[in-house]
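Structure, as structure tokens:
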């Protein structure tokens, strides 16, 4: 008999004794025979199994309170849980006889395909070359095609920064041109030689004519030419230019020399455009881009200039210089068009129209007899409201400005003399805007687009497969895009796909302009014969733009028929 110790509780058991009792209970429960499954399952569960409903595994009888045989205890079933509410997993094994058949693929396995079918508005400037989006190889569904099938692409006036062509046939013919082929391509470009390739080339690698034409289609003209600086794009290029050598940034004399040479080149380009010896050219500044087009292109009988994006300050400066312009994407409202038609309306006329609109807006208050109770906004408030509306569209596609006819010459002088054309601080300080042209001009330097054939991985049903691809990088202008597609149509037997990466501020150049009369295309082509473009390219650029504020982003050619998305 244990001695009575003060403060000792008789019900207290030492740890070894507790462990011994637990082992004894586990052995006694394991010895008891578990009842059959049919008896332990509730009637509702048996009915659900017969109906083929997915059920959770029913816990064993000995699972409550601990596992049998000293093993881990089974999870207790929630008595309030529904029998059919568990999430369905793709790799889950079948639970009942009704699920023995193999199931269809789980819907979320195709989510990547669905996302790819919705072409994104914006693409990264550069992606990994070894991974091509699957969308460039899928066929277009009917609602996604913006127009009927066509043998030609719509005209696209945006500048592309990168093209990625893919095909089932190799592009090895585009690599390692011979010295004679490279020289012949340069001569063909300088002499504007018209080359017509056959519909299909059996062996592109042995076709010297194809390789020379490919070299010809990669040439463009640039000013200024500074090989250590990326001169396109200029908008948002400060980070790429940071740390680069720029001796003119703090040298006013050198800046003056650069701007003088740039003014001569700019004037030379405009004179070529006016005489229809140059079809178009671009002026790329650090804030906006200007597209000058010759008369006859884009359905216009006059020289046109599009500026995008613009700000209220730039538009006010153009008004002060007497430049008549309009905002094509701003619709008419009330008595006047909400455009900045510089000198079409004088200040007095605009003020009179504004006062008339204000009187009409408050006329209904007088009819109700409450005009004295409503505080009429003063002229200053109305002016501030209008200025806020103008500022809100700054740097947006809606701020694109259109200049026509003789006003383009006034715009030329305005840009040459404008102090805000060149950055005064930052990596681009003192650097003149970039001039891009498809033909030679005074002070221009011949440049080449970079081309290389690579292999890309595309997702297939059995994993990944190799696809032949051709990558083009650089400032790809509209004539180069059309020339390359014509060339690849012959070399790839009328079948390829392409992903296009546009310079976003230039996508708005595809807007349709309101024309005064319909042009005779035969006369237009005859007048622009010496502009240096292939007749087929000239015919395409003469068409009225149809893409609006968007640009081509994906193109698929199958059996010489184009489908595209913008």
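Cβ from N, Cα, C; glycine included.
Between 28, 167, 399, 495, Swiss-Prot assigns phosphoserine to 28; no such entry appears for the others, which is not proof they lack it. When the residues 34, 437 are compared with Swiss-Prot, the one annotated as phosphoserine is 34. Following the DSSP three-state reduction, the secondary structure of residue 28 (phosphoserine) is helix.
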